[in-house]
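Here is the structure we will look at, set down as structure tokens.
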Amino acid sequence: MRLVVCLVFLASFALVCQGQGCKGPYTRPILRPYVRPVVSYNACTLSCRGITTTQARSCCTRLGRCCHVAKGYSG
């Protein structure tokens, strides 16, 4: 009888944890290390308006495609 009660308790506890997520010291989300975003090569083929300053600098240094105000790419 004790075995049945114990098994029922464990089964119900497992269902509760599975449905809601147990809140304990070992179940918190794992923090990921900061990773620098990689500028894709496709960003350099877009107009200068659609990319960030970092992407524009990267395109200019890597490919020689430099953005100029109101002119788009040159080079």
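A Cβ is built for glycine as well, from the same backbone N, Cα and C atoms used for every other residue.
Under the heading signal peptide, Swiss-Prot lists 1-19.
Taken from Swiss-Prot, the feature pyrrolidone carboxylic acid applies to GLN20, supported by similarity to another entry.
Around the Cβ of CYS59 (disulfide bond), 23 further Cβ atoms fall within 10 Å across all displayed protein chains. The feature disulfide bond is assigned by Swiss-Prot to CYS44-CYS59 (among others).
Positions annotated as disulfide bond by Swiss-Prot: CYS48-CYS66 (among others). When secondary structure is read from DSSP and collapsed to three states, CYS48 (disulfide bond) falls in the helix class. Residue environment of CYS48 (disulfide bond) contains 19 other Cβ atoms, counted within 10 Å of its Cβ in all protein chains.
According to Swiss-Prot, the feature disulfide bond maps to CYS60-CYS67 (among others), an assignment based on similarity to another entry. The number of other CB atoms found within 10 A of the CB of CYS60 (disulfide bond), across every protein chain shown, is 16. When secondary structure is read from DSSP and collapsed to three states, CYS60 (disulfide bond) falls in the helix class.
Sequence annotations record features per position, and here Swiss-Prot assigns serine amide to SER74.
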Secondary-structure category, per DSSP, in which CYS67 (disulfide bond) falls: strand
Residue pair CYS60 (disulfide bond), CYS66 (disulfide bond) - Cα distance, angstrom, rounded: 4
Neighbour-count leader, CB within 10 A, disulfide-bonded residues: CYS66, CYS67: CYS67
Integer Å distance between the CA atoms belonging to CYS66 (disulfide bond) and CYS59 (disulfide bond): 7
